[in-house]
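Novice: Copied straight from TrEMBL:
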| type | residues | note |
| --- | --- | --- |
| DOMAIN | 1-264 | domain 'F-BAR' |
| REGION | 259-290 | region 'Disordered' |
| COMPBIAS | 264-276 | compositional bias 'Low complexity' |
| COMPBIAS | 277-287 | compositional bias 'Pro residues' |
| DOMAIN | 327-404 | domain 'REM-1' |
| REGION | 413-437 | region 'Disordered' |
| COMPBIAS | 413-431 | compositional bias 'Polar residues' |
| DOMAIN | 458-519 | domain 'SH3' |
Amino acid sequence: MDWGSELWDQYDIIDKHTQSGLDLVEKYVKFVKERTEIEQNYAKQLRNLSKKYSPKRGSKEEQECRFSNHQAFLDILNEMNDYAGQRELIAENMMINICIELTKYLQELKQERKMHLSEAKKAQQYLEGTYKQLDNSKKRFEREWREAEKAAQYAEKTDQDLNATKADVEKAKQQAHMRTHIAEECKNDYASQLQKYNKEQNQFYFTDMPLSFNRLQDMDERRIKKLAQGYVLFADTERHVMPIIGKCLEGITRAGTNVNERNLPSSSLSPFSTTPTPSPANGPPSPKFGRDPLSYCLMEINKTVKPRISSFRTLKRMPVDSEGFTHLPPEQRRKRLQQKIDDISKELQKEIDQSEALGKMKDVYEKNPQMGDPASLAPQITQTAQNMERLRGELNKYESWLAEAGGRGDSIRYSTHSLNNNGAHNPNSPGAISDDTDSSQAIYTEFDDEFEEEELAAPIGQCTALYNFPGSSEGTISMQEGEVLFVVEEDKGDGWTRVRRNNGDEGYIPTSYATITLNK
């Protein structure tokens, strides 16, 4: 008998669809696991990268982190380390909230599906068993009915046989009656089995199987809903850490914007820090005007610090034939001695500037030990003090020779601050100048008198202004776009060129603000 092949075909389709949905859940779990592994490996590589390029404690790179560009790179490494932590958090949350939860739920769905299939099979088997009983009862009824018909025919034949005895006839009738009774019992049993089967068949097709279908459909709907939640969690897991990742990226941006290409750390402590001239709209970047002596102490402590006056005047040193210049005529000797005194005074001022920078840097180290060890500056402070004492001795010697030669004896006086035991400056030492005295003003006053007597330097080329330049800073000269000026001193690498107008006005302009043509 065909047991509702169409119904079971539909049931198989639903079961295959359910199995396909379970396979999709399992596939998604594997996908998230692989994504988790990628996140973990990515975070691990980021941490290794941050550790690789982080300066070791006490190394030269750690000392260089005092500079803004070095510190910015260190901040970027720290932010990347935090960024790696967020990637690890993403991997951990995906593993816990998606992989583990869906794996556990997948096992429950498989057990539920197995239970529903088992119930459907039991209902089918029970219906098949009822049908077998009905079939057996039918076959027995058919068999007994045939036997009863044979017995009745035999009894009738025996009764009509003239040779048969009365006992044979009675026996044949009794046999026919017994067979008929048995056939009636089989008939009744068959009718009962038929009613039972019809009832079970109705229960199977209209109750058990629809209920099984509904349960499978409900299970599949819950599976789809749970899978959709897993899809949402995949995005939410990363979205939840986006604000922190955004802060990490903002920290990297902030580290880049905090880099100051003109002034290095502690440049505000230097008396020589200058404010750069702003660039015009859509114009080239403003060049760097001057250098920071304190930065030079940090980077090139033993190199000569370029004094500020070099940005305005270029002094020519005359070669010295012999000490004291006694071989020269009196007037020339006085000029040479005066020039030598001025040169020594400038060298002395350089050492004083350097000692001031060292002292302030030591104060910064004492207040902020993380920036450096104050004791590391002791050799430089000692060397600078010795250089200052040596230059003062030479200055006194040349001044005495100038007095003997009948000179003015009024050399350029620079502040001669001395250092106390802590590396700070002692303003009460001999020859000290108060803090409110503008030493650079004395430099410019004395040298302006001397340069007034010099002849103007011959031009070495011409330049044409590309932009308007206000020339508001000291030592600069204004110019208008398209104006032609004479070049008297080319750029020395600091971004400024010295020019002159026809009326004799001289000053510095940004090199990037003009087209310069030098004489061949």
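Here the Cβ of each residue, glycine as well, is placed from N, Cα and C on the backbone.
Each of the listed features needs to be described in terms of its position in the shown structure.
Specialist: Taken as a whole, the domain 'REM-1' (327-404) shows an average pLDDT of 85 in this prediction.
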Novice: Within the domain 'SH3' (458-519), count helix residues (DSSP H, G, I), strand residues (E, B) and coil residues, in that order.
Specialist: 3 helix, 29 strand, 30 coil
Novice: Could you give the number of helix, strand and coil residues in the domain 'REM-1' (327-404) as assigned by DSSP?
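Specialist: Helix/strand/coil tally for the domain 'REM-1' (327-404): 72 helix, 0 strand, 6 coil.
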